[in-house]
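Asks: Handing you this structure, nothing more for now.
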Amino acid sequence: MLYAVAPILCVQPTRALVDEKFKVLVKNLPPGRPFTVRSLHLSEDKDYWEAYGHYVSDHQGELSVRDDLSFGGTYTGREPMGLLCTMCPIPGSRPGLRLRKKDVTTPMLVTISVYSGHEDHRDQTPLASVVTERWYMAPGVQRFPLQQSEVRGTLFVPPGPGPFPGMLDMWGGGGGLLEYRGALLASHGYACLSLEYFKPGELETANQQYSYFETAFNIIKDHPQVNPDRVGIFGLSLGSAVTLNLATESAIVEPRCVVCVSSNNIFSRDMSIVTAYTNLSKYESLLVFTLLVEKIRCPMLCISGCDDQNWPAVEIVDNMMETLRAAGKDHLLTRVDYPDAGHLIEPPFTPHFRSTNFLRILMLWGGQTKPHSDAQEDSWRKILSFLQHNLYGNDRP
């Protein structure tokens with residue numbers, strides 16, 4: 001098709017944090033014609049990820065991803081951020097992939113393009129393209145790999161003199177040092193220690209001592225730019241088990257608040273992480289919660305997906321609420337359950353992964369793309385609000 005005037009593709013902003021929305025607008029198109037808008041990203045593992053929607057230009061020859069309906073593609077309907085949250089590996093990719101940022105000092109580069117028609121866009125030259133940058137680290141955030149003691153991790157400090165509230169951030173059973181959520185929390189004003197407590201592939205042999213986590217908490221608490229009375233803990237999956245155990249059992253760790261995503265408690269002073277994790281069962285988990293949760297001394301926020309296929313997170317929080325109510329402490333627990341969301345509830349606009357490679361198997365995490373993506377966006381707002389209230393209080397404008 002020949003165009004009298006070249007189409008113009010506008011993406012605003014072209015540089016933003018990963019939890020910020022963008023607007024995609026295409027102008028100078030023939031009215032009432034079909035077009036495809038596509039995102040494309042080359043991951044650090046050298047795999048291509050894409051998302052795309054099928055649109056029809058309006059009577060003025062424009063289309064807006066924020067305002068208009070997609071009639072097909074990786075998403076349908078009005079999905080302002082569908083070009084990110086529905087990303088998936090391109091056809092022919094390796095199975096079981098998961099998209100995670102490794103080097104947070106560089107942005108995720110996402111190319112937004114517009115193509116003519118609703119078919120065979122991969123074989124076309126785009127009508128227009130724009131490269132966007134999606135950052136986990138805001139300008140001015142400082143990154144410090146730990147050089148002290150036996151603790152492995154990375155400290156992120158917001159710009160400015162502080163003192164800042166602190167966060168200890170822990171991920172799950174896949175192991176390794178994951179920095180992207182910690183960098184994003186620092187971008188929102190929290191000094192954050194991203195903690196590695198076993199390396200990838202070490203789950204079956206790891207035997208981390210309880211004192212390791214207490215030492216990590218004290219590293220962030222004692223940092224000169226951190227307010228020692230305002231330190232919280234954030235854990236997902238297995239990390240939530242460690243989080244709850246520290247908040248209920250430790251005589252050293254006194255968090256101001258805790259956030260648990262896909263909650264469970266399978267860790268105690270008398271068992272290693274691995275023993276608890278590999279012997280997990282629903283009823284054992286509920287029993288552990290009955291014994292421990294009434295010892296909680298701080299507010300906690302529990303985020304759960306109702307389609308969690310990894311473990312019964314919703315039922316576990318049900319039991320926690322019952323136990324706290326009996327102890328007169330149910331005011332400490334804020335819970336949010338999301339229908340049709342799975343286990344891996346991450347920062348907003350992260351692609352949904354119903355199943356991925358995990359250790360030596362293909363792990364089923366659960367969730368449906370649309371409700372899971374909505375859950376990630378809504379839960380992140382609630383997490384930031386919870387942290388603002390409990391760690392900043394009235395001290396922040």
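Just so you know, glycine gets a Cβ as well, placed from its N, Cα and C.
TrEMBL does not curate its annotations; it predicts them automatically.
Relevant sequence annotations retrieved from TrEMBL are reproduced here:
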ACT_SITE  Ser237  active site, charge relay system
ACT_SITE  Asp308  active site, charge relay system
ACT_SITE  His343  active site, charge relay system
DOMAIN    211-273  domain 'BAAT/Acyl-CoA thioester hydrolase C-terminal'
DOMAIN    292-392  domain 'BAAT/Acyl-CoA thioester hydrolase C-terminal'
Asks: Between Ser237 (active site, charge relay system) and His343 (active site, charge relay system), what C-alpha distance do you get in Å?
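Replies: A Cα-Cα distance of 8 Å.
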Asks: Kindly report the helix/strand/coil residue split of the domain 'BAAT/Acyl-CoA thioester hydrolase C-terminal' (211-273) according to DSSP, in that order.
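Replies: Split by secondary structure, the domain 'BAAT/Acyl-CoA thioester hydrolase C-terminal' (211-273) comes out as 24 helix, 17 strand, 22 coil.
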Asks: For Asp308 (active site, charge relay system) and His343 (active site, charge relay system), what Cα-Cα distance in Å is obtained after rounding to a whole number?
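Replies: Answer for this pair: 5 Å between alpha carbons.
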Asks: Identify, in sequence order, the residues in the chain of His343 (active site, charge relay system) that are 6 or more apart from it along the sequence and have a CB within less than 8 Å of its CB; answer 'none' if there are none.
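Replies: Looking at Cβ-Cβ distances below 8 Å from His343 (active site, charge relay system), excluding near sequence neighbours, one finds Ser237, Ser262, Gly305, Asp308, Gln309, Asn310, Trp311, Ala313, Trp365, Gly366, Gly367.
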Asks: Counting by DSSP, what is the helix, strand and coil composition of the domain 'BAAT/Acyl-CoA thioester hydrolase C-terminal' (292-392)?
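Replies: So the counts come to 45 helix, 20 strand, 36 coil.
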